[in-house]
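> I am attaching a structure below and will ask some questions about it afterwards.
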Number of protein chains: 2
Amino acid sequence: MDRAWDELATAEGIARRATWDTTGKILGDDAAVVPDPGAPLTICADALVEGIHFDLRYWTPTQIGSKAVTVNISDLAAMAAQPLWVLSTIAAPKHFDVDRLLEGIEAGAARYGARLIGGDLTRAETVVISVTAIGSQLLPPLRRSGALPDDTVFVTGPLGLASVALERLSGAMIVDERTRLALLDPSARLNEGFAASRAGASAAIDISDGFALDLHRLANASGVGFEISHLPVAEGATRRDALGGGEDYELLFTAPDPSRVAEEFAKLGIKPPLMVGTVLADPEQRALEGEPLDPIGYRH
Amino acid sequence: MDRAWDELATAEGIARRATWDTTGKILGDDAAVVPDPGAPLTICADALVEGIHFDLRYWTPTQIGSKAVTVNISDLAAMAAQPLWVLSTIAAPKHFDVDRLLEGIEAGAARYGARLIGGDLTRAETVVISVTAIGSQLLPPLRRSGALPDDTVFVTGPLGLASVALERLSGAMIVDERTRLALLDPSARLNEGFAASRAGASAAIDISDGFALDLHRLANASGVGFEISHLPVAEGATRRDALGGGEDYELLFTAPDPSRVAEEFAKLGIKPPLMVGTVLADPEQRALEGEPLDPIGYRH
């Protein structure tokens, strides 16, 4: 590890790994200079902390790096923004394999068309990875606050598998590959965000903290209620996993016209989203299959 | 602290504190949307880690927040970029006063004309603050690699006081206010970066890791040597503090025309920089007052 650490022990170390050489890009300086994207910018930052978001017993550094990028790209996806650049600061003990972590960050960024352009590396007793993702807002941004009565509620895929993986891995139980990767290597629903925006979606949020909690957040921001008629539970997961397990990086969105939604998803050749319910005018009405639904979920 | 923690325990918590309401800005969503700045962007990220960069025995959370911003703005200053936006992820134990930290971040950003637009808060055993700063590159960017033979080497102020403060505070010794604040509340040399760029500076770097180390970095990037005829030691500091103490957020820059430099600094009403030496064509020649100068400094 010493070699990797020494090579990477300055901000330049991270910047030097950035392979992008488009005109205007400056590497190895105090900061990176990138060309004017010519559109509004969409920007978010999220950190992953050892012992809170990941456990080094069953995560590889590469997976941690890739996921640190994915959780941020998922936020851009929920806005329908095109990822451009990623920066990362890394705090880690000397024995930690920073080189693999950076490979994961680079691979994670490349997967969504973005590039690592800078960052910082420093020592710490536990691993803390912070990623900032910057995107270009070419499509109308999806907000949390736009849901209107009678809109249909969509979710981009079945939920709960990441939660099953977390329970099983932390209990040292056997877990199949598909379930394990739902937690360790999720995908951000970038194309789904684009399709939702093109389909005139009225609001969106990523379901990283749990379906119930994030649905309530969207409803709070929009001042509406909802009736969920169908909870999309992943095969192998329980209703509780799907409702409040968290770590599912699917998108939840609302849209007035389901046929336009089907059309735009088909155009991008991606799986159609699941229709799970309806937006209600009364913000007090928040139900799942006729029963009141509490905002259970994962608060770090 | 519980109240503060609960209020701030989501990314929305940080975003909600951002007071900016310029059209186009979206708060409390998965990501912030800001208007196209219409110029190249300059971006950097740096983290401050408890026990490495600060000690909670003599730092207030407000000072930590402000300094986390300043160290990033200093990198933008070294590029002659205008700060626009700041994001911060915060990992901290539950008892830590995150509210004061955020006040420090906001105040630090406001000091340089930037705004906090997003971030993330999570628990961790030690405090790790990561800040990303995004600026607009309206002036020609200052790189590390542009220094040319016969350029004059400038430093924006005397060095070593932060190092004195660190030694005294960590030894529980008495330290006067001016010395203490050199470490706890440094200023980024933003106007100095602008003036250097306007004066046709050929290269620049911020001296955060120590004069000697950062001077070598600039010389390495430019493929040149140097002869330093005058080491600018702050009153109360030793030559060793000034050479390799680190944490001095002054700028070091090179420029071909000292009279243009004097003129541009005067126009902005800021103290003229100190002429400390000359750039040499031979990259092997690296001397301080006739003696070889090693790249001593602070590597985190």
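Every residue, even glycine, has its Cβ placed from backbone N, Cα and C.
The Mg(2+) 3 binding site annotation in TrEMBL covers A:D30, A:D75, A:D206. Residues or ranges marked as Mg(2+) 4 binding site by TrEMBL: A:D30, A:D75. Sequence annotations record features per position, and here TrEMBL assigns Mg(2+) 1 binding site to A:D46, A:D120. What TrEMBL records for A:D46, A:D75 is Mg(2+) 2 binding site. Summarising the annotation, TrEMBL assigns substrate binding site to A:H53, A:E247. Among the features that TrEMBL reports, ATP binding site is placed at A:G119, A:D120, A:R144, A:S208. What TrEMBL records for A:D209 is Mg(2+) 5 binding site. Residues annotated as domain 'PurM-like N-terminal' in TrEMBL: A:28-135. According to TrEMBL, the feature domain 'PurM-like C-terminal' maps to A:149-284.
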> Give the residue from the binding-site residues A:D75, A:D120, A:D206, A:D209, A:E247 that has the most other Cβ atoms within 10 Å of its Cβ, counting over every protein chain displayed.
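Per the Cβ count, the most surrounded site is A:D75.
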> Counting across all protein chains present, how many other Cβ atoms fall within 10 Å of the Cβ of A:R144 (ATP binding site)?
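Around A:R144 (ATP binding site), other Cβ atoms within 10 Å: 24.
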> Any same-chain residues 6+ apart from A:D46 (Mg(2+) 1 binding site) with CB under 8 Å of its CB? Would you list them in sequence order, or say none?
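Set apart from A:D46 (Mg(2+) 1 binding site) by at least 6 residues yet with Cβ under 8 Å, we have A:A68, A:V71, A:N72, A:D75, A:S130, A:V131.
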> Given binding-site residues A:D46, A:S208, A:E247, which are under 8 Å from chain B when comparing Cβ atoms?
A:D46
> Among all the protein chains here, how many other CB atoms are within 10 A of the CB of A:G119 (ATP binding site)?
30
> Need the DSSP three-state call for A:D75 (Mg(2+) 3 binding site) to compare against my parser.
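Note: A:D75 (Mg(2+) 3 binding site) is helical by DSSP.
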> Please list the DSSP helix, strand and coil residue counts for the domain 'PurM-like N-terminal' (A:28-135).
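Final tally across the stretch: 31 helix, 42 strand, 35 coil.
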> Cα of A:S208 (ATP binding site) to Cα of A:E247 (substrate binding site): how many Å, rounded?
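Cα to Cα, A:S208 (ATP binding site) and A:E247 (substrate binding site) are separated by 5 Å.
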> For a three-state summary based on DSSP, what are the helix, strand and coil counts in the domain 'PurM-like C-terminal' (A:149-284)?
55 helix, 26 strand, 55 coil
> Whole-number Å distance between the CA of A:H53 (substrate binding site) and the CA of A:D206 (Mg(2+) 3 binding site)?
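Here the two Cα atoms lie 17 Å apart.
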> Within 10 Å of the Cβ of A:D30 (Mg(2+) 3 binding site), how many other Cβ atoms can be counted across all chains shown?
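Its Cβ shell of radius 10 Å holds 32 other Cβ atoms.
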> Between the Cα atoms of A:D206 (Mg(2+) 3 binding site) and A:E247 (substrate binding site), what distance do you get, rounded to the nearest Å?
10
> Out of A:R144, A:D209, A:E247, give those binding-site residues positioned within 10 angstroms of A:D30 (Mg(2+) 3 binding site), comparing C-alpha atoms, in sequence order.
none
> For A:R144 (ATP binding site), just give me the three-state DSSP call.
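Note: A:R144 (ATP binding site) is coil by DSSP, not helix or strand.
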> Record lists A:G119, A:D120, A:R144, A:S208 as binding ATP; longest Cα-Cα distance in Å?
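Binding-site diameter by Cα atoms for ATP: 32 Å.
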> Give the distance between the Cα atoms of A:G119 (ATP binding site) and the residue listed as 'Mg(2+) 5 binding site', rounded to the nearest whole Å.
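About 27 Å separates the two Cα atoms.
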> So of all those binding-site residues, A:D120, A:D209, A:E247, which one's Cα sits nearest to A:R144 (ATP binding site)?
A:D209
